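Everything below concerns the one structure shown next.
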Amino acid sequence: MNPYILAVMLFGLGLGTTITFASSHWLLAWMGLEINTLAIIPLMAQHHHPRAVEATTKYFLTQATAAAMLLFASTTNAWLTGQWDIQQMTHPVPTTMITLALALKIGLAPMHSWLPEVLQGLDLTTGLILSTWQKLAPFALFLQLQPNNPTLLIILGVSSTLIGGWGGLNQTQLRKILAYSSIAHLGWMTLIVQFAPSLTLLTLLTYFVMTFSTFLVFKINKATNVNSLAISWTKTPIITSLTPLVLLSLGGLPPLTGFMPKWLILQELTKQDLPLLATVAALTALLSLYFYLRLSYAMALTMFPNNLAGTTPWRFHSPQLTLPLAISTSATILLLPLTPTILALLTP
């Protein structure tokens, strides 16, 4: 892609998200989401491959449906209550419709089925943008939708953590596994959004750091399925020895960073007299942990036959930047001791 066009598209991505962040009016928020969607579509379709075009078409249709639903719901709210203000949503019907539209936009279960298919058709860089940056604008609206429908949010959250864990169990494609991981993490964020919005923000940022590390590791190894991870030891031994820690951090095991948001969410759910919900959420995390362990096993404990094709890649110097990976990997593994500091920063 021409660098000028790429710069325009990335600027459009940033502009769309910023407009949604800064808006208190539903029409402006909708406009920001549309700019965001239209900016990423050329990035998704830049590789002239039928799979990429198919993924782009699926993504466009899904996002257009969600945007139309959001516009219809906000117009209905203006008709019923006479106002367009995001933070003044009082009528239950448009509030429920907007919640479902945002759930479709970010890929919450049961509106999740587009996300694994779309992510599978993209390269890892565009997939990283889709898994991280594209979640920011809808979550900014989610956080402003208070008071909301608590039962609906709990149903969306529990079903997402369950389907995100269950769907990843039998996958062999890494991008689909990362898509189901995204669905499961979004479920955790949705569970807690009505009780502690600051915890949702913390979980979202932690998820971004961990996903950034995981995508960059797979990108450096040029890995797209579980079997291709087995030759990574020959290519990048140090990264390969650290990657299981990154994956287990995504799974939420102590003493790694990923344990922090899950621990705080379970603690908050228990404080809200929802011990059964906390128990179900903790059990669904075990499903996700299983496929992260499977990836760790494939990467660190299996050796590909060291034939000539397997031993030569380490001789070539990789042109890819490793500083972003080093920073994000350190944050993914080592941030847990800073939990009190982070909580103090997030507490108003």
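We number each residue from 1, going along the chain as drawn.
Yeah, the Cβs are placed from backbone N, Cα and C, and that goes for glycine too.
Caution: TrEMBL annotation is automatic and unverified by curators.
According to TrEMBL, the feature domain 'NADH:quinone oxidoreductase/Mrp antiporter transmembrane' maps to 23-287.
What TrEMBL lists as transmembrane segment is 60-80 (among others).
Under the heading transmembrane segment, TrEMBL lists 92-115 (among others).
Only residues 6 or more beyond the boundaries of the transmembrane segment (151-170), in the same chain, are considered here, and those with a CB under 8 A from a CB of the stretch are 96, 99-100, 103, 108-110, 112, 116, 176-177, 180-194, 277, 280-281, 284-288, 290-291. Positions annotated as transmembrane segment by TrEMBL: 151-170 (among others).
Residues or ranges marked as transmembrane segment in TrEMBL: 177-195 (among others).
The feature transmembrane segment is assigned by TrEMBL to 201-218 (among others). Sequence-distant contacts of the transmembrane segment (201-218) (same chain, at least 6 residues past either end, Cβ-Cβ under 8 Å): 124-125, 127-128, 131-132, 135-136, 139, 143, 174, 178, 181-182, 185, 188-189, 192, 224, 239, 243, 246-247, 249-250, 257-258, 260-261, 264-265, 324-325, 328-329, 331-332, 335, 342, 346.
Beyond its flanks by at least six residues, the transmembrane segment (238-256) meets 181, 210-211, 213-214, 217, 220-221, 232, 262-263, 285, 288-289, 292-293, 295-296, 299-300, 325, 329, 332-333, 336 of its own chain at Cβ-Cβ distances under 8 Å. For 238-256 (among others), the entry in TrEMBL reads transmembrane segment.
Under the heading transmembrane segment, TrEMBL lists 276-293 (among others).
Residues or ranges marked as domain 'NADH dehydrogenase subunit 2 C-terminal' by TrEMBL: 289-343.
The transmembrane segment annotation in TrEMBL covers 323-346 (among others).
Residues 154, 157-158, 161-162, 164-166, 168-169, 171, 177, 180-181, 184, 187-188, 191, 247-248, 250-253, 262, 265-266, 269-270 of the same chain, all 6+ positions outside the transmembrane segment (276-293), place their C-beta atoms under 8 angstroms from a C-beta of that stretch. Under 8 Å from some Cβ of the transmembrane segment (177-195) lie the Cβ atoms of residues 103, 106-109, 112, 115-116, 118-120, 127, 131, 135, 139, 142-143, 146-148, 150, 153-154, 156-165, 167-168, 171, 203-204, 207, 211, 214-215, 226, 250, 261-262, 265, 268-269, 272, 277, 281, 284-285, 287-288, 291-292, 295, all in the same chain and six or more residues away from its ends.
Averaged across the domain 'NADH dehydrogenase subunit 2 C-terminal' (289-343), the predicted model reaches a pLDDT of 79.
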